[in-house]
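Here is what Swiss-Prot records for this protein:
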- 39-148: domain 'tRNA-binding' (DOMAIN)
- 401-476: domain 'B5' (DOMAIN)
- 454, 460, 463, 464: Mg(2+) binding site (BINDING)
- 701-794: domain 'FDX-ACB' (DOMAIN)
């Protein structure tokens, strides 16, 4: 919103200068983008009148004039403007005047004729107006007066970048109201009295779309002079607000829009067939707009029509056929309230952006129409003449906006602002803003004024109180907080440590959406019904995830489609399990998941390129588990999972509890997701592995270690991990490690059995072990294995 400071000061007179006014407006939340003078810097330019005007003897395009500037002598001035004529009141730069650009006026001769000054155009005075020829001032302007004073050019134009919620400030009226509140200054509005009617003509008005147009006013004015000149004071006010003067009737409707905040439109009455109909457009209905372009309308567009055709896009743009021209004598003046929801976005749909659409789509005061109609009528009769008919009004009270009544609690006000504002100040601020305020036991209730439809909740009122009171008036006060050290147990395993480990092992961390496609998720977790979002981003993101695998599998597919031969990803995040007994009916669990696909390593000339398998991922997961627990705390047990291959799946068991799964993706799942080749993945509950064994210092033995290898024959169904665990449990304090280094099946081993080669390392911190010590420990291990698993020592 660009406005003239002098126009604003006609309404309200704060005791501050231009710079202070701009700063004050900005601090109140209406950011000032620019403050610019309305004209260039010049001196010595006076009002004059052309009393003689003749042709230059030696130049066809020059005229020799005598100018009266209210002094004893007339000035001889040569002028080349085409509109220079006898009796014209002009702006005269006298000898010694300085024009913008430090251009000094001196006595001169033009083709031999003396010239003692210059008749100025708008551009020569640094005034941004598109016009040909010299500036024409109103007849009767005081001769010799300073043009800066006559045109009130000691003024600035202030451009304010309004936020979407402050549509009430798209007018001088609204800005004056705001400045008045900030400065506790009275606002003087122009007197708007009902214009006396002299004829009874009326146009019938039918509103078919009352929800989109709850109020529509129309008035006939006959015998207007459409060729009347717009007075320079109105042209200047429009110009300083960024609007170009067109003709008197259009200028008056624009003037009322800027002054009151109510867009209006004038129709040529002779071009309206049978009355006005406010309706929705028919699909692909055509309308030629004022700019000459043809619009093909959508059926969600509100139009002003007559009985046969559309006349205008309501609140946005008029039609060419019903537009006012210089030949127009009778008009119908429109003033309406259009609901923002039915205007918003429509202008952009047709590639339009108008001052009218900007105001209507953000919201116009729904009580303003009658006053705006009388104001426009008043100006039309004054400037263009005419005979006025009564206003025809059609309203749908049920569809008009209602005032919002909002509760404001003292505790909430103090809490959000961090400062106690006296109750009398709070009531005064809200009252000056136009709210109807009532006290309650906990604070106040405030009913918003008709022009502040953005005040809807308690926080809106708090914002208003804070900004009018002045944020600078709220003292700086550092928050007081107890600095308590967070409890951090040494046994807690940081997630960052696990992330770093996986990154070091060649993984990339993925972050996928918590919302997944329901059918895909059902393939992975068919036994649980997920939480379905009522308003999802899309149908493909409508279910809360039950597993991190859905997102990771899709990420692998995405990378494989982009020719990535090797994919290694991990993710940590929440899964969401519906559970009636949980808070909000949902249990949230932190999970850690990983997935690998493609080649085992980067392509290398000296290393064979192999595809990843189950044990590659198992080794990486074991490295993670070794960070969090000792070797005896976790194990892998053969299991089944609907998303994993039946013969290549293991449950992850920690301290006897099943906390996750690892395995190769099920072939059917692989096909439906579109995976390219073997893919292995794991998922484990983070809470089950987020503790670690606290390291204990141990003496480093100076005595030699002894290794003994044993080969154990056991049933195929017995897990090798169980046998290794039994070795460690029964080996006593001398056994420092037990590692499986070979598995053999074949000749010499019965069918249905396997031979496990295990390396046992024995060492003492006190002495060198004797053979008897070693033999005794090994025999105890073999005996324990034989007793528990019916396994034997291989010959």
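Quick reminder: no glycine exception, Cβ is built from N, Cα and C everywhere.
Predicted, not measured: the structure shown is a model, and the values here were computed from it.
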Using a 10 Å radius around its CB, how many other CB atoms surround residue 460 (Mg(2+) binding site)?
18
Neighbour count (Cβ, 10 Å) for residue 463 (Mg(2+) binding site):
17
Please give the average pLDDT for the domain 'FDX-ACB' (701-794) in this predicted model.
92
Counting other Cβ atoms within 10 Å of each residue's Cβ, which of the binding-site residues 454, 464 comes out lowest?
454
Is it possible to list how many residues within the domain 'FDX-ACB' (701-794) are helical, extended or coil according to DSSP?
30 helix, 32 strand, 32 coil
DSSP helix/strand/coil residue counts for the domain 'B5' (401-476):
33 helix, 14 strand, 29 coil
Sort the residues of the domain 'tRNA-binding' (39-148) into helix, strand and coil with DSSP and give the three counts.
5 helix, 48 strand, 57 coil
